[in-house]
Amino acid sequence: MTTTVIILAAGKGTRMRSHLPKVLQPLAGRPLLGHVIQTAKQLNANNIITIFGHGGAQVQQQFQQENIQWVEQTEQLGTGHAVQMTLPVLPHDGLSLILYGDVPLVRQQTLEKLLAVSSTTGIGMITLRVEDPTGYGRIIRESDKIQAIVEHKDASEQQRQIQEINTGIYCVSNQKLHEWLPKLSNNNAQGEYYLTDIVAMAVADGLEIASIQPDLAFEVEGVNDRLQLAALEREFQLQQAKSLMQQGVTLTDPSRFDLRGTLKIGQDVRIDINVIIEGNCELGDFVEIGAGCVLKNTKIAAGTKVQPYSIFEDAVVGENTQIGPFARLRPGAHLAAEVHIGNFVEVKNTSIGVGSKANHFTYLGDAEVGAGSNIGAGTITCNYDGANKHKTVIGDAVFIGSNSSLVAPVSIGDGATVGAGSVITRNVPENTLAFERAQQIEKANYQRPQKLKK
């Protein structure tokens, strides 16, 4: 049976008070709508139809690489009207899941259950039991069968005691959608076309409406303002933290951990507080990440220790490496095993060989460092001439003295030594001592100037 996913994403999101369309607001590093599209893809849906409206150009631009059919809702006349807009492109066979771009965290397994129960009845929905149902549509049942949805404002006092509510997520036969949607009426106080009216149509046709409830309440929570967005972010992050801990990761405080992408982990990984992981990252066995670190699209091999407040982006780190605190690995940083990168060292588009060290206050950009070399404090690779970047090559077992400037393009041969304070502008042969600085001048019995009395 074919599966279509219809995503309603046309709302403006006025309460967000943002120039950004609501469905593009980020949650865990991905737009709200991106979470829903990802789930639809996990279901192997045959069609994904997204209904856009406010900020439509921005929304389409954000997801231009996705295989999506876009349908415009020029006027926001209700949820029923939104789904009506899909009829010209909606298949006549199979089932459609109706989801929302601002309800981002409904899980694949929940929707698979909904598809399963709906396949025999032709219509199913997700409901939820809550302690305080105020403001939500109530599920009216007779002999445990759904008969109607009554909005809160229209509910009697007895009906308002019902704690089972409508989440708005449906699975409906496409044949029935083609039959029911044209019959929707806007004869109500709001003058809108309500999707909930298809429930009454199903009952009138003698269909039994299947229903399921999610395992986790936050799956069906929507986002209307920044408070709700922040609350859902924390719920989601806590679930991700729990999943990692169940896989053997030690998180010092699960409530102070953010995963904004995917993380592949080995055994006995330890992550301290306030660590942010973005994009696609991988941590090998026995890796330790200190407090306040940010990792983005980075792979760290087994046994490496990262001290607090280090930032990595598009970097690869070898085994048993020591990094930080306050180190920065920029895109193209590639560290071999047993490298030491210390405090306030920045590495960009540079490979560093086995066992080499840059322990203090150093910039290595567009460079190649061999094995077993020592880069002294304050060393700078001067890679930019104001127009172009140039490469510095440092061989194996090289010693670079403190406060040296290596003006690229330049190479330092294996076993060479550069004296402290040098500005190296020419290639240094292997096993050579090179130094370049002004001669030291001494003035005996020198008296510093005295401050003038006011």
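Residue positions begin at 1 at the first shown residue.
The backbone N, Cα and C atoms fix where each Cβ goes, glycine too.
According to Swiss-Prot, the protein has these features:
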type	residues	note
ACT_SITE	H360	active site, proton acceptor
BINDING	8-11, K22, Q73, 78-79, 100-102, G137, E151, N166, N224, R330, K348, Y363, N374	UDP-N-acetyl-alpha-D-glucosamine binding site
BINDING	D102, N224	Mg(2+) binding site
BINDING	A377, N383, Y384, S402, A420, R437	acetyl-CoA binding site
REGION	1-226	region 'Pyrophosphorylase'
REGION	227-247	region 'Linker'
REGION	248-454	region 'N-acetyltransferase'
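Considering only the residues assigned to acetyl-CoA binding, A377, N383, Y384, S402, A420, R437, the longest pairwise Cα distance works out to 22 Å. Each of the binding-site residues D102, E151 was ranked by the number of other C-beta atoms within 10 Å, and first place falls to D102. Comparing the binding-site residues G11, G78, G101 by how many other C-beta atoms lie within 10 angstroms of each C-beta, the top residue is G101. Per-residue confidence over the region 'N-acetyltransferase' (248-454) averages out at a pLDDT of 97. Cα separation, the residue listed as 'active site, proton acceptor' to A377 (acetyl-CoA binding site), rounded: 5 Å. Each residue in the region 'Linker' (227-247) gets a DSSP state, and the totals come to 20 helix, 0 strand, 1 coil. Shown in sequence order, I51, T79, A82, V83, I98, L99, Y100, G101 are the residues of the chain, 6+ apart in sequence, with a C-beta less than 8 angstroms from the C-beta of L8 (UDP-N-acetyl-alpha-D-glucosamine binding site). Separation of the C-alpha atoms of N383 (acetyl-CoA binding site) and G11 (UDP-N-acetyl-alpha-D-glucosamine binding site): 49 Å, rounded to the nearest whole number. Note on the recorded positions R330, H360, R437: the fewest other CB atoms within 10 A surround the CB of R437. Counting other Cβ atoms within 10 Å of each Cβ, the lowest count among the binding-site residues N224, N374, N383 belongs to N224. Secondary structure from DSSP puts N374 (UDP-N-acetyl-alpha-D-glucosamine binding site) in a beta strand. Looking at A377, A420, the binding-site residues in this record, the fewest other C-beta atoms within 10 angstroms of the C-beta turn up around A420. The least crowded of the binding-site residues Y384, S402, judged by other CB atoms within 10 A of its own CB, is Y384. Checked against Y384 (acetyl-CoA binding site), the binding-site residues G78, D102, E151, R330, N374 differ in C-alpha distance, with R330 being the nearest.
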